[in-house]
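Taking it in order: structure first as structure tokens, then the write-up.
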Amino acid sequence: MMPTADTSAAAHLDRVRQDHPLVQCLTNPVTVNLVANALLACGATPAMVDIPEEAGLFARGAASAVLVNLGTPQHDQRTAMLEATEPGPDRPRWVLDPVAVGTLPVRTALAQQLLERGPTVIRGNASEIGALAGGAGGRGVDATIGTEEALPAAQDLAGRTGSVVAVSGATDLVTDGERVVRVEGGHPLMARITGAGCALGAIVAAFVAGDVDPLEATVAACCTYAVAGELAAERAARPGSYAVALIDALDAIDADILAARGRVS
Amino acid sequence: MMPTADTSAAAHLDRVRQDHPLVQCLTNPVTVNLVANALLACGATPAMVDIPEEAGLFARGAASAVLVNLGTPQHDQRTAMLEATEPGPDRPRWVLDPVAVGTLPVRTALAQQLLERGPTVIRGNASEIGALAGGAGGRGVDATIGTEEALPAAQDLAGRTGSVVAVSGATDLVTDGERVVRVEGGHPLMARITGAGCALGAIVAAFVAGDVDPLEATVAACCTYAVAGELAAERAARPGSYAVALIDALDAIDADILAARGRVS
Amino acid sequence: MMPTADTSAAAHLDRVRQDHPLVQCLTNPVTVNLVANALLACGATPAMVDIPEEAGLFARGAASAVLVNLGTPQHDQRTAMLEATEPGPDRPRWVLDPVAVGTLPVRTALAQQLLERGPTVIRGNASEIGALAGGAGGRGVDATIGTEEALPAAQDLAGRTGSVVAVSGATDLVTDGERVVRVEGGHPLMARITGAGCALGAIVAAFVAGDVDPLEATVAACCTYAVAGELAAERAARPGSYAVALIDALDAIDADILAARGRVS
């Protein structure tokens, strides 16, 4: 039986705040500033080392975890992504965020290549997870199907890759192919700012760093983020100020708040 | 005679909020986050698909409109810009934002090449429009002449290209070569944050998507933005908080506010 | 004897607000938006001209000063950095921000090449300055040693290159190899947002533009920034809102505030 969020998620958050995992991000310029500030607010340390001839060295020699986000995978960044995820004993845990995969050929081919390298976690919306598992993909970065509809695809993808798969939406689904955990929370304003999904991908990377159960750590990351999303909505009602409040909420959230408000089933 | 803003601009805004046009942006990393959030706040959906071998497919297969912003046109992005604007029956409407053209050779040559492909709208400051029309260009991203001084250049450029030309400034000028519309409003703080012009270019793209009169839709976009700029200044007096308030204002503005406050002549 | 901050720093700030120096930035996408807005808030004009075949022309023909920040030095940007810093009589003053140099090979080699071109100022944290001077480097972007520990390295580096060296930390050290100035101030929240160091590098570039003593101007920039960091902390207690407040504070700070609150020794 899964631990309830009031113990497990809170403990994971405390661990991140204590360990300050160094999260190497290979991500897109659209949302990279939010991603970096979200990591800092959680207690992690971002390092956007994403150029060829540095990315692999940094991943193996310094990073606690790696985020690979396919938002705008320019040529050199693709090379760096392959360097950073090169299989080997020193490779840290890593998260694949398959932004807008499906019909866009460059990122879709790269995503399939990266899948074969066994990401620790794959985090996407329902359309992206569906496309990765063999479906058709969505319209750009937005999901066109609900998370529950994507559950079979998520379980199939997890079973095939050995990855934890997190499907983000109004309710998040997290599965390792057998266990399925649902995380409630968040707020509709999260879909009205750019980068809310990207930031979660980075936070998942921070939480799975180290010797922890990847599914539990992913659930804890989703739960922390969902509660922060609710807290932010108590401070801000429109998207500009909501993006600011979200970073503040990630900084403010602690184990007690998470224990009181996290909703995992 | 032009419709007055209190009917036309408001109707265009309602249409954007209802249709959620998918605006593909090939733009610069400096302001891309603000651009994406400005589009979301207006009700549009941003998609920053700007890599070669994806940009053209996305433009023809998914995008409702395309923004081409020359702020930092790296080599691969230039290739993607040419893909996305390749003439053909499936090409959506597109906006050219010729940032800092004039003396900088790479972007100036690219802008001339793009001009031949008939952008739906060209949006720039007075110096940029003057340079595109054959003048000398300004000092980086700032206009060194006033918008009224650029009117002959704007009309000439519109007549030669078939594009609507929007000259941004304290008073915006919008012309198709024959009609000339002036939009009053905005606030001096818009020039104290980076990306206010870039965000307007993207909003224009959102408004001209679909089967609408490009000049009217461009005027509506400029009018929406000018009123949002005024609303933001009622909430924030300094540039950091003003950038946040501007996104909030784009989210808050509705047809009634626009009808009451828009100033078009 | 050094002038005290209450006259010198304030005079430098007034000069920047009057001259609006045009600061060309070749910097990373993570923090480029903050960098641009920080420059605007100080009264400078940012221009992110960082592509090959434009960067050198702009540096020699238009820029008042140049910032070279090694945060994510992609291939084309490295070429542009070398163009912009090409020695010659028309090259403006320039600042090197050697982000994360040390063990990362691409940027470390580039930094050494750039050092030979005599930056006007080198601004980094203690680990970066130590690594440039021949030490081992830190863990990504964070300093692992204190600023006082880096003083011998900073003096050695300044003596060898002819550059002013600024070591950022709780207390900033600024030295030209002989003179050593300490700037107190700032706030711990500056280390909780991404880009606080990058923004300072750009502000230093704005202050050293023109015919001024580079050490005095660098001290004035550090002092302005430190006081702004304190002012921001009076308005915001968490990192999301602190980043916004920091830009507002850079806009709000004036000669009187600086004279009253600046602490230089």
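Every residue, even glycine, has its Cβ placed from backbone N, Cα and C.
These figures come from a predicted structure and were not determined experimentally.
B:Gly195 (substrate binding site) is surrounded by 28 other CB atoms, counting those within 10 A of its CB over all protein chains shown. Marked as substrate binding site by TrEMBL: B:Met48, B:Gly195.
Look at TrEMBL and you will find B:Arg123, B:Ser168 tagged as ATP binding site. Secondary structure at B:Arg123 (ATP binding site), as computed by DSSP, is strand. Within 10 Å of the C-beta of B:Arg123 (ATP binding site) we count 32 further C-beta atoms, all protein chains included.
For B:Ser168 (ATP binding site), other Cβ atoms within 10 Å of its Cβ number 29. B:Ser168 (ATP binding site) falls within a strand when secondary structure is assigned with DSSP.
Remark: B:Met48 (substrate binding site) has B:Gln24, B:Cys25, B:Leu26, B:Thr27, B:Val32, B:Ala36 as non-local neighbours, by Cβ distance under 8 Å and separation of at least 6 in sequence. Geometry remark: B:Gly195 (substrate binding site) versus B:Ser168 (ATP binding site), CA distance 13 Å.
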